[in-house]
Amino acid sequence: MELKNKKFVNFVDHQQVLEKALHLPTYKPSTPPPWLKSEAGFDERDPIMSKKWKPKFGKFVRRSEAWRHAIFDPGSDICLQWNRVFLFSCLVALFVDPLFFYLPTIVQSGGSTCMAVDMKLGITVTSFRSIADVFYLMHIVFKFRTAYVAPSSRVFGRGELVMDPYSIAMRYLKTEFFVDFIAALPLPQMMIWLVIPVIKTAQSDYTNNAFVLVVLLQYIPRLYLIFPLSSEITKAAGVLTETAWAGAAYNLVLFILASHVMGSAWYLCSIERYATCWQSLCKQESECQSTYLVCNNLDRVDRRVWASTTKVFSTCDPNNDVFDYGMFSNALSKQVASATFTEKYLYCLWWGLQNLSSYAQSTNTTTFVGETLFAIVLAVMGLVLFAHLIGNMQTYLQSLTARLEEWRLKRRDTEEWMSHRQLPQNLRGRVRRYVQYKWLATHGVDEDAILHQLPADLRRDIQRHLCLDLVRRVPFFSQMDDQLLDAICERLVSSLITQGTYVVREGDPVTEMLFIIRGRLESSTTDGGRSGFFNSIALRPGDFCGEETLAWALVPNSNANLPSSTRTVTALEEVEAFALRAEDLKFVANQFRRLHSKKLQHTFRFYSHQWRTWAASFIQSAWHRFKRRKMAHNLSISESLSRRGNLRVKDVQMPKLVKPQEPDFSREGRDEGGSLF
């Protein structure tokens, strides 16, 4: 009998009912259906095989090989970080390549001179160059796995990404692969360690121009890669560098890099001109051979005999003015070619900086065509690069003080306007204090404009982060739940009030409710101008004013007229507060009925200074009424005694005051001591 009084719920397997109705074949868990099996014949439910294989685009690929088939979004953080790393490696590679020009050196042994190769420097430069080549190869592999935006989908929005590996590879091969492949080839290493030792014969010159041509031809595509790479970083992050100082330093590094390249080329051309002088005089001597100019044959007997009688070295001495070296005379007269690597590098770098910044005005050239062309290239590059450096550095450095300059212009316009309108000095001082205080608080940033540009959800989260902790300091807000606080935080507006400013005057319409965060306000009232009545209190952080708007917003059918202020509020010092406009408060009160709860209203009336003043006045008036009744009672007793003579009056015990009941805040009423609002 007890089971009949209980209720039971039956769960029906609809899949089994459907299979019975349609007569579909069923499969047990131990035997997987055929469409879950791969072409290799294994079961996907096998715990061993499922760890090694996973489906992708209708095929099963090993999980260990999944990273090889990943396609990257060009706007993702991975691509952005890689582009920045590769840009740094490109700058390092551009710095390393001109170091090959410092390999030829001049060795002075007694009264003889010869040319050699700095093998230690060659090994070091080759190692760094090989490391840089690895980054270029990694960039090629990365570009094969980077998606691109289809040109036909750029009509609206960002566009659609093409994720097909074949389409990505074909597009890359047709557009940028050739330049990247040329830039990644180890051509200088092959020229130094493979080609030059093979083609070097007894009749060949030591300074091989083919090596210089290879380095310069590969330097051009490597330099070209910086510009599209910088453009990709700018598109993904918005800016190339996050700070203005980093942008100025980046442009300065590019100028120093150009000086490094020109200084290295100047050093190599200086040795080339020196070797040209040797070769021209060597051809005039019958006993001279071109192999005598190489340090490898320095210990040969015939070379020593020739060195003791030849006039090649004395004639080509840059201090004799026999052979005019032109703009390369400083490198030879100061023996830069025979100095250590650190000395020659710093001197050549200084020469490049000096001539690029002065547009090669301090150089004296000869009529030699190659030297003249080098001077022309140096002057043009100096003009373009120096103008580019000064322009960009000025732009980046001005961005640091753009806000300050804008504030100065606004302050100057304000001063001119006040002078034109002939404002008194007290008003001018108040305006200056407000402008100064606003600058110190915001530094010229319009926070409202920034927030209004963001999506609603992101704006809500930011407002919650900025305002929630401060709002919870207000006792009235501490009683609300998170949803209601989010709605209020979303509509709060920061407000700055300078010392001596009237927030609202008694009798004026109240347009906002103010919640104090920092500073002090004075709130006073005369109860509508009643003679002999004055009440003044100080509002501190955590207090609020303008509570008339809340009472106005809680009325369901309130009219459009804003409530009048019952108090005068003045700033005693600089105040930072949050303002909640009357329209926003009305919207929150209509949308969230929890704002009408008795608990919130009781908390509001407990912390409201208007209600405290009313309560004090009510108690004071009740006390006065009690005193008047007591005085009248005593007066009546004294009159009765005077009429009855010596009649004694018994002590009358006054009834005790009963504790009043909790008032009902859900309805508005009036009491004889005053009105609620």
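Here the Cβ of each residue, glycine as well, is placed from N, Cα and C on the backbone.
Remember, it's a predicted structure, so these values are computed and weren't measured experimentally.
Copied from TrEMBL, the annotated features are:
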{"type": "DOMAIN", "residues": "476-606", "note": "domain 'Cyclic nucleotide-binding'"}
{"type": "REGION", "residues": "658-677", "note": "region 'Disordered'"}
{"type": "TRANSMEM", "residues": "85-103", "note": "transmembrane segment"}
{"type": "TRANSMEM", "residues": "177-199", "note": "transmembrane segment"}
{"type": "TRANSMEM", "residues": "211-229", "note": "transmembrane segment"}
{"type": "TRANSMEM", "residues": "249-269", "note": "transmembrane segment"}
{"type": "TRANSMEM", "residues": "368-390", "note": "transmembrane segment"}
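Across 177-199, 211-229, 249-269, 368-390, stretch 211-229 shows the highest tally of CB pairs under 8 A with the transmembrane segment (85-103).
Note on the transmembrane segment (211-229): residues 83, 86-87, 90-91, 93-94, 97-98, 100-101, 176, 179-180, 182-183, 185, 187-188, 191-192, 196, 261, 268 of its chain, located 6 or more positions outside it, place their CB under 8 angstroms from a CB of the stretch.
Secondary structure by DSSP for the domain 'Cyclic nucleotide-binding' (476-606): 43 helix, 40 strand, 48 coil.
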